[in-house]
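Some features that TrEMBL has for this protein:
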DOMAIN    A:9-522  domain 'Cytochrome oxidase subunit I profile'
TRANSMEM  A:27-48  transmembrane segment
TRANSMEM  A:68-93  transmembrane segment
TRANSMEM  A:105-128  transmembrane segment
TRANSMEM  A:153-179  transmembrane segment
TRANSMEM  A:191-219  transmembrane segment
TRANSMEM  A:274-296  transmembrane segment
TRANSMEM  A:308-332  transmembrane segment
TRANSMEM  A:344-368  transmembrane segment
TRANSMEM  A:380-404  transmembrane segment
TRANSMEM  A:416-438  transmembrane segment
TRANSMEM  A:458-482  transmembrane segment
TRANSMEM  A:584-603  transmembrane segment
């Protein structure tokens, strides 16, 4: 491994990314594949809106519509939003706490490849007989009777990518607990690190119920078990519970890192320390905690009884309190600040009213008796798109602009960024604000077409027009990315000029070992403290010495590939057994071969020692003479 | 600290599993993983309790008709004892006594294998005597999934111990493999704790109907 810049061929670069364990490169992998799935999910959304643009439309057939609707939700949550947030966590959190890498670089790569192969597997369903069509919640009473392999793709794909998320969660928890630089106490961690920490804890405790739920579904559909088959003593409500015990914390897994990104953006571009830092931390932890107490508010109409509904309604409303604390803290951070309206800041400012609207409808929905009216209408669709787009997607877009220079070493064009912002903001409100009223007027969610003359025509047409504005905004962003990469103007450590936290003390992108000397953290916003004292660099906490780094490895890729192959075998052995052993004879061998690849690579990993390597002091000093760049 | 350094029982650190940063990370990461595993088994227990004795018709046997405490008692004793012997192994690991550690690990593996043997016998018994299978009823699915997940964990734990013993048989203890032994034993304790709950929730509560 040489630190000297080399001109590499395409294959060498490909191999580098297939084997990398560097958190910064894994971040790029997450960002690119998450971005790809975001576009796929976006196209699915456009098809939904085109189908609903005019009454009695037949742009897509009813069956295909169900598949697109299901895949839109599943893709956006599991394959777009989570991975893109993982991209920022990977790129930024180790830098923010002053670490040279994450705690488990190998597992970090494994987590990515599991997500990647799970996502590919799920999307291959389009080409192999049809996608899942029982909604992203895939309620068992419906999904057990879905024909073909759509639901099997859903179950196996999410099982594989879910394992990847769990690994990522544990990795970030250990990284943040064990790898902080000298002086970086918990109460000096930037809010993005804090929210990553809490979101990772949620991942750790929320993913296993989904794993179990998916296993039960898998056993029912593929191995003849009877968990959800009422005629055999089963109970379909078990799936609802397991799914939502995962599903509700999942929305906090998404929104907490979004809050973290916005908190950092607010303080950076208000050029003020975050107002009420400790109450922000407390609110983050409290939201994480309460996030586990509210899952049954998705099941008010299931029939759990008035007592259960009342408890879950009150717990749900309680979440508005810490969230309100956050909203006021953001406003007060801006209050009296010297605000710069950069693209990330525009998203942050627009996020407050947008997300607040989603929060208000959230409290409305939490009132269980009223929910009987809203349930399964477009009101709910409007609500969750207000929190997910107004919160998470805005944060993803803001973070993309904000962290782009740190990840790629070049700035996205600000003018194009602002055009994207306005198109997206207007498009978003045009699409979803009106859906509140569609819902109140009685339009059910998930329907394929509506009839003319019921007063739904105009609002649906407006909603579709808004969706096209969002699509236009996304295209401008893509154009921006291409133009920026072509120009490739390199930027320095702190391209925004107002960086407060450790990531802005490093070159953009940072050298592969991040910190030549671990920095000494002397308070909240450590770089800002140094700037205020007239220093241009962080004060080092240690002399220059050898740095220990992990070796790259292809094993994470192979391990995940094995599961990907095995999943095909597991799925088609159902047909093999159904045909009495006549067809699909390859299925069982494929299952076994896939599992052997995975288990074999796990054994290789444990039996072969991997001690990593050292970057020597002399090379580091040589690097310094060249300006510290790779 | 160099992970391949040779140690004697005098120079061996007090907590060899947490002396290196890698060890410390592994130690904490594994505890967190066990936290996730706890939720996994909690979900399986909840499913089992919801589906216990849920059968399509009265021809199916229920928990109280099938379970026999003497058999389960022996299995419980085997697994509890294996947890104790793994503690002995870790005691000798901390004292840098490689031979004794391996001996106790071997005993642990032996007890674990015997436990698995009993479990296979037990499942076989239910299938053939009572036609209580994975596909016969929701009760059957829930029972075999919960107890089977535990059994699979036992099998993985045994494979892990055996792999560790074979891999390190020639080179003895160092700071690279000490954390590996330690987390494997943590895993084994976790399996034991889960069994205590299975014994209570599935078998004892099964006897009282």
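Using N, Cα and C of the backbone, Cβ positions are placed for all residues, glycine too.
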Reported mean pLDDT - the domain 'Cytochrome oxidase subunit I profile' (A:9-522): 96
Any contact, the transmembrane segment (A:68-93) to the transmembrane segment (A:274-296), with at least 3 Cβ pairs under 8 A: no
Winner by Cβ pairs under 8 Å against the transmembrane segment (A:416-438), considering only A:153-179, A:344-368, A:380-404, A:458-482, A:584-603: A:458-482
Folded-back contacts onto the transmembrane segment (A:274-296), same chain, C-beta under 8 angstroms, at least six residues removed: 187, 191, 194-195, 198-199, 201-202, 205-206, 241, 244-245, 247-249, 251-252, 256, 259-260, 263, 266-267, 302, 304, 308-309, 312, 315-316, 318-319, 322-323, 325-326, 328-330, 332-333, 335, 524
